[in-house]
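Participant: One structure follows; several queries about it will come next.
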Amino acid sequence: MIEMLDVWKTYPNGTNALEGINVKIEKGEFVYVVGPSGAGKSTFIKLMYREEKPTKGTILLNGFNISKLKERQIPKVRRSIGVVFQDYKLLPKMNVYENVAFAMEVVEATKKQTKPRVLEMLELVKLKNKLRSYPSELSGGEQQRVSIARALVNSPGTIIADEPTGNLDPETSWEIMRIFEEINLRGTTVVMATHNREIVNTLRKRVIAIEGGRIARDQQRGEYGYEG
Amino acid sequence: MKVRTMGRHLREGSRNITRNGWMSFASMSSVAITLFILGVFLLLALNVNHIANVVERQVEIRVFVKQGVEKVEVDKLAEKLKDFSQVESVTFIPKEEGLENFKKSFGDKAYWFEGLEKENPLSDEFVVKTKDPVETEMVAERIKNLPYVESVNYAKDMIKKLFTITTMIRNVGIGFIVALAFTAMFLIANTIKLTIVARRREIEIMKLVGATNSFIRWPFFIEGLLMGGLGSVVPILLLLLGYRYLIDLVQVDLNLYFLDLLPLNPLAWQLSVLLMGIGAFIGVWGSMMSVRRFLKV
Ligand SMILES: Nc1ncnc2c1ncn2[C@@H]1O[C@H](COP(=O)(O)OP(=O)(O)O)[C@@H](O)[C@H]1O
Ligand SMILES: [Mg+2]
């Protein structure tokens with residue numbers, strides 16, 4: 001469960017990215033976050049795993065008050081969610097396998113558990129043939145898929161994805177969506193910011209539209225609603 | 001923390017050294033160079049201290065006994081001298097021996113003093129050495145007041161000067177080493193900091209994926225330890241080989257026997273352990289200090 005109560009975010013340079021967000025996402029929901037670029041989608045998402053802190057307001061995530069969280073508890077919260085970052089955030093000196101395995105080392109999984117699970121995830125995102133490649137040797141789409149595999153590897157209860165299909169061809173995009181849909185059916189909460197009109201309009205889910213830092217529309221089985 | 005996680009940190013820490021190739025090399029070189037300079041000064045300071053000790057050891061008190069004192073009284077006096085807790089050794093030089101030495105010092109002109117034996121003008125004499133050369137003056141003053149003592153002679157001014165000089169040399173040496181150690185620390189920490197600043201993004205990513213601070217810190221700890229330790233190996237080898245060469249040069253080739261250098265044996269171990277310890281400490285310290293700044297994500 002994710003809940004935001006009157007959340008404001010002003011960046012140090014004075015940009016008002018979010019202005020009074022109130023939203024509630026129940027466990028097991030599938031939510032698209034749409035809106036023009038610069039609207040505040042990424043900021044909205046970053047607040048959930050505390051890459052950014054709200055300037056004002058309360059954020060609740062799986063029972064934790066994120067805005068009042070003690071430094072020591074942050075890792076615990078972050079482990080309970082899987083994040084697909086818009087800029088991938090892969091460790092540059094680790095290869096594909098190591099990057100995905102890293103998320104399992106963090107939770108102190110055994111080697112026996114780690115290896116098959118990491119390979120399974122890489123199979124899922126079709127990167128099993130690039131195990132030993134480094135991020136700098138991969139295309140944007142491939143890096144995005146590694147980021148997806150890493151977000152899924154610990155089977156978290158919540159997946160938060162910032163434009164996870166932004167760099168993928170339509171076919172791969174649909175495969176990723178099929179994965180999200182499947183884990184969502186098994187109870188995982190999915191929140192994804194996206195620009196992909198076709199996906200939003202085809203695979204109908206709840207749509208939250210952000211414009212100028214405010215929620216402009218919040219609709220079950222909504223449409224993308226923008227041109228292009 | 002689980003054992004397998006510790007194993008992971010060890011593996012990760014050592015792998016980071018190769019992963020960051022040139023950066024690690026720069027850090028280790030900086031450790032090596034500063035430790036080498038520190039080592040040279042350390043060897044110099046230890047040897048200067050050693051030589052100062054040797055010179056100080058040569059300080060002695062000459063005690064002259066009054067003329068015509070009975071043999072028994074002289075023996076009693078010897079006992080009294082030995083009873084001083086500060087005294088290390090007492091050597092008796094009878095006046096006959098004193099005269100012999102005196103004559104010898106004139107070489108082939110010794111015949112000038114033929115016949116002096118019958119009316120020996122010299123006194124019986126004791127040579128006293130104190131355990132700590134600094135106590136010479138105090139002991140000498142007390143000996144002066146003992147019965148049957150004619151006079152004492154202990155090069156008062158020379159001793160004062162000697163101690164001023166040796167104390168100064170020691171203090172300057174310690175000051176220099178401390179200053180150098182701090183410079184070394186600063187230099188090495190700075191290089192290590194550079195390698196970690198370059199990895200700031202990595203640390204941020206790890207935190208965003210849910211790693212705890214200690215999970216991130218451990219490999220850096222291992223890495224710092226290894227870099228500091230490995231970085232000290234080359235300077236230690238160079239210093240020991242160089243020092244051995246110097247000892248041979250001084251004692252065999254140059255015949256400078258008076259230049260009494262410290263022997264290689266305990267010194268080699270002490271120096272190695274010390275430099276390796278300093279290297280490891282600075283490596284860990286530098287790496288921990290640098291990581292700390294980026295953990296707040
Ligand atoms: N770190 C930052 N510092 C300052 N301004 C930022 C930062 N990140 C985003 N912004 C600004 O905040 C606004 C919202 O950005 P963002 O949340 O990235 O929008 P979106 O993801 O919808 O494109 C934009 O005007 C952007 O320039
Ligand atoms: Mg964005």
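Glycine residues also receive a Cβ, built from the backbone N, Cα and C atoms like all the rest.
What TrEMBL records for B:59-152 is domain 'FtsX extracellular'. For B:175-296, the entry in TrEMBL reads domain 'ABC3 transporter permease C-terminal'. The transmembrane segment annotation in TrEMBL covers B:21-46, B:172-197, B:218-247, B:267-286.
Walk me through the surroundings of each of these features.
Facilitator: Per-residue confidence over the domain 'FtsX extracellular' (B:59-152) averages 83 (mean pLDDT, predicted model).
Packing against the transmembrane segment (B:172-197) from elsewhere in the chain are residues 20, 23-24, 26-27, 30-31, 34-35, 37-38, 41-42, 44-45, 48-49, 203, 220, 224, 227-228, 278, 282-283, 285-287, 289-291, 294: each is 6 or more residues past its ends and has a CB under 8 Å from a CB in it.
Panel annotation: around the transmembrane segment (B:218-247), residues 6, 9-10, 12-14, 16-17, 24, 27-33, 35-36, 39-40, 43, 188, 192, 196, 261, 263-264, 267-268, 271-272, 275-276, 278-288, 290-291 of the same chain, lying at least six beyond its termini, place a Cβ under 8 Å from a Cβ of the stretch.
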Participant: What are the helix, strand and coil residue counts for the domain 'ABC3 transporter permease C-terminal' (B:175-296) according to DSSP?
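Facilitator: Counting residues per DSSP class in the domain 'ABC3 transporter permease C-terminal' (B:175-296), I get 102 helix, 0 strand, 20 coil.
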Participant: Could you give me the DSSP helix, strand and coil counts for the domain 'FtsX extracellular' (B:59-152)?
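Facilitator: Computed counts for the domain 'FtsX extracellular' (B:59-152) are 46 helix, 22 strand, 26 coil.
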